[in-house]
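**Q** Under the heading signal peptide, TrEMBL lists 1-24. What TrEMBL records for 169-201, 350-383 is domain 'EGF-like'. Here TrEMBL flags 173-183, 191-200, 373-382 as disulfide bond. Per TrEMBL, the feature domain 'F5/8 type C' maps to 205-348. Per TrEMBL, the feature region 'Disordered' maps to 604-675.
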């Protein structure tokens with residue numbers, strides 16, 4: 001069977017013996033009492049004493065015969081079982097196992113192997129002062145056999161008593177593994193070729209060339225920022241395209257005849273003419289697209305700073321998840337002389353990528369469990385009408401006994417520090433003033449209050465949170481809202497300010513989306529913040545209904561721990577002196593695109609600051625890297641969301657971006673030309689009013705940050721960005 005191999009299992013070694021498994025989330029059944037084993041047939045040992053046989057290892061305990069060296073005990077799960085924890089007890093103070101080497105056979109496999117833990121080998125230890133040795137895994141692992149090899153022991157015999165913590169496979173992989181997939185670890189299946197998804201329920205995209213090279217995508221479907229007469233857009237798929245020498249913001253936009261699951265971008269070098277310089281190529285680009293489910297047809301960012309070409313190699317970039325779109329824009333951000341390149345796209349028909357009967361009310365499948373809904377229906381499966389899209393308005397009513405009472409009786413916030421409720425002119429409802437170090441409010445979460453607000457995995461159609469904030473002062477690492485989305489092993493959201501940037505992070509149990517935008521909130525001015533997320537479209541951050549950026553590319557991380565939603569603090573990560581006022585939160589269990597489609601929210605203004613998906617500076621993230629070298633190839637496996645395969649004449653490599661590089665023939669030396677200055681366009685400005693708004697003849701502009709004092713000039717480049725600067 002061909003299947004996707006597990007490249008990394010995140011395990012948490014519980015070194016403390018005081019952490020009870022009962023506090024873990026799910027999969028906590030004791031195997032000794034679960035009735036899943038036939039003790040006589042499913043447990044064996046290379047050596048066992050007559051009075052303490054292997055079958056008694058869960059009850060009275062097992063002992064090897066006196067003098068037995070490196071005795072082994074095997075526990076067999078004939079139908080597979082999920083293991084979340086292992087506990088080894090000494091049988092008595094005289095005879096016990098001091099060091100035990102633990103291995104396993106994975107579900108669907110047939111070879112004994114090591115647990116993927118730091119150091120490469122799982123060894124559990126006991127001594128005279130320990131009552132037991134405990135190992136816990138953050139994600140349960142599906143096994144068919146466990147092997148315990150006693151490396152050393154105290155006394156004449158190797159003895160131990162065992163307990164295993166886990167659950168059946170249908171609990172480890174809820175919903176089961178469809179289409180002959182195999183449960184491999186908690187919440188994840190290894191899928192047969194052609195299938196993917198958490199339960200192997202989604203048909204995999206088998207990409208085919210879309211036709212830039214053979215003309216099936218005509219030149220009329222290609223827009224460019226500019227073009228060199230010798231390298232026009234008509235040659236994009238054959239000999240290559242070049243912008244003009246003066247184009248400092250080059251881009252190419254390709255329109256497809258219908259929504260397509262695009263997953264491969266084949267870049268190549270320009271076919272040079274004698275008059276061309278030695279090297280003209282695009283080094284890196286931002287990938288943008290229009291989502292078919294977006295009625296505003298706004299360009300959104302999938303990923304930034306993707307490698308394309310270098311001096312010796314050309315590239316093939318593969319994206320995972322696939323991008324379902326009918327419009328792709330490639331924006332060069334780094335180039336050698338000019339951003340010239342040749343391109344072919346690959347993709348597949350997305351209409352077969354949904355689970356059977358997924359789309360309701362005549363909705364059309366346009367991606368992995370993504371539906372395009374007919375007029376009047378909304379939601380992930382086209383199952384909701386506009387009157388079913390209801391906002392939760394957590395306006396603040398009063399503060400009683402250090403508890404903020406909201407307009408929703410079941411939801412309140414615990415007060416931490418100097419928090420007061422006050423009336424503010426212009427605001428219809430009271431606002432909170434939050435001032436001091438480690439001062440904030442945290443949502444009170446009960447066992448019965450699980451919702452999209454408290455658990456992001458319940459946000460099946462995404463979410464949108466909106467609130468107004470006025471900063472009296474602003475220091476680095478000031479958190480606006482957080483439920484731990486930026487913390488390792490946690491799921492939730494985080495929005496905070498640091499070093500002239502806003503950081504917005506969303507983590508589910510399996511993926512993390514990170515958006516970083518250059519933006520400094522103004523002081524003493526009310527600003528309307530909106531954060532939104534959808535597992536298929538990614539994250540978007542808006543201020544005053546201006547979109548500051550989007551990021552659709554997730555990284556495979558996340559976690560299982562949830563923290564209560566907090567306003568103005570970081571859940572203990574930073575001690576910051578905050579000074580702000582906030583209104584209540586309005587939330588929807590839908591991403592903002594759906595709210596716009598339903599007429600509930602206005603379309604965002606996208607002519608704002610550029611975004612990047614780089615990681616926050618104060619959050620340390622380590623990516624495991626495994627390198628295997630052979631005589632013919634070098635393969636590097638990293639995070640699997642964007643793959644890069646680099647192919648030399650006799651080598652390939654798989655990275656975060658799949659880049660196939662092939663050496664190009666030597667080129668003649670030429671002189672590099674200096675690009676001409678980019679043209680500027682000006683507006684006549686009249687004055688700046690008291691609200692920091694620049695008044696112009698045709699347009700008004702809001703000033704973010706320090707208000708200019710005299711003679712402000714605003715210049716627009718032809719990329720659509722704007723710069724505000726003082727002109728002497």
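Positions of Cβ are set from backbone N, Cα and C atoms, glycine also.
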**Q** Using a 10 Å cut-off, grab the number of neighbouring Cβ atoms around the Cβ of residue 173 (disulfide bond), all chains included.
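**A** Counting Cβ neighbours of residue 173 (disulfide bond) within 10 Å gives 26.
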**Q** Against which stretches of its own chain does the domain 'EGF-like' (350-383) lie, if we need a Cβ under 8 Å and a gap of at least six residues from its ends?
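**A** Beyond its ends, the domain 'EGF-like' (350-383) has Cβ neighbours at 196-197, 201-203, 205, 259-261, 292-293, 321-322, 324, 389, 460-461, 536, 590, 594, 597-598.
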**Q** Any idea what the model's mean pLDDT is for the domain 'EGF-like' (169-201)?
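**A** Summarising the domain 'EGF-like' (169-201) by its mean pLDDT gives 88.
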**Q** Between the Cα atoms of residue 191 (disulfide bond) and residue 183 (disulfide bond), what distance do you get, rounded to the nearest Å?
**A** 9
**Q** Express the distance between the Cα positions of residue 173 (disulfide bond) and residue 382 (disulfide bond) as a whole number of Å.
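**A** A Cα-Cα distance of 26 Å.
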**Q** When the domain 'F5/8 type C' (205-348) is classified with DSSP, how many of its residues are helical, how many are strand and how many are coil?
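**A** Helix (H, G, I), strand (E, B), coil: 6 helix, 74 strand, 64 coil.
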**Q** With DSSP, how much of the domain 'EGF-like' (350-383) is helix, how much strand and how much coil, in residues?
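**A** Summed by class, the stretch gives 3 helix, 5 strand, 26 coil.
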**Q** Provide the number of Cβ atoms within 10 Å of the Cβ of residue 191 (disulfide bond), excluding the reference atom itself.
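**A** Step by step: centre on the Cβ of residue 191 (disulfide bond), count other Cβ atoms within 10 Å, giving 25.
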**Q** Closest to residue 183 (disulfide bond): which of the disulfide-bonded residues 200, 373, 382, going by Cα position?
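**A** Going through 200, 373, 382 one by one, the closest to residue 183 (disulfide bond) is 200.
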